[in-house]
Amino acid sequence: MQDFLANYLDTLGLGGLLGGLIIEALGLPFPGGVMIMFSGFLVNQHQLNFYSVFLVAVLGFNIGAVLAFAIGRYVGDPVFDRYGKFLRIDRRKMEQARDWMEKSAAVFIIIGRFVPMVSNLTPYMAGASGLKWYHFLFYNFIFTIIWVSMNVSVGMLFGHNWPLIAGYFKNQVPLAALALLLLYLVVKYLVRQLHALRSEKI
């Protein structure tokens, strides 16, 4: 993987980083997070500039996310039914993601994007659910800043040991995000039940 990323970035430079993050945000198979970590390592080695890497990564991911949002908004279910398998999406996952989106777009976009599979669905479901553009852009921008900062920091701070930390991130961060997402949904459900009980008493 490291050799592939080294050749990829050496050949395409920041343009390759931009394109790779667009692909990543579209939910297509591409090691976007790992590429940002490796870019952080190159910053550590003084081969790339931190600000350039950070800005290009944020820009690329947001471009891809907006494209995915537009597909969800203007194309919708027929295309997902036919081509969803290429994004690892099936009807059950679509309906589950749409239900979560309707309950809380902010939490779903900011935290849910750290969860594998849910991440692929997020921008498409945000578009298909009718979420306003500016809400999606705002929530997605917050997620992107957090995600890019975390990944580029791994490469910068751990240097040659970044692949070891990358494996830890790949396993632990999604679990933590999933736990937070489920905790939020449980708390929200309990609050609704409490309000319902109070209403019945009144």
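Every residue, even glycine, has its Cβ placed from backbone N, Cα and C.
Copied from TrEMBL, the annotated features are:
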DOMAIN    30-155  domain 'VTT'
TRANSMEM  12-38  transmembrane segment
TRANSMEM  50-71  transmembrane segment
TRANSMEM  105-124  transmembrane segment
TRANSMEM  136-160  transmembrane segment
TRANSMEM  172-191  transmembrane segment
Three or more CB pairs closer than 8 Å, sequence separation of 6 or more: does that hold for the transmembrane segment (12-38) against the transmembrane segment (105-124)?
yes
Three-state composition of the domain 'VTT' (30-155), taking helix and strand from DSSP:
105 helix, 0 strand, 21 coil
For the transmembrane segment (136-160), what are the same-chain contacts with Cβ under 8 Å, counting residues 6+ beyond its ends?
33, 36-45, 50, 53-54, 57-58, 61-62, 65-66, 69, 105-106, 109-110, 113-114, 123, 126-127, 166, 169, 173
On the 0 to 100 scale, where does the mean pLDDT of the domain 'VTT' (30-155) fall?
85
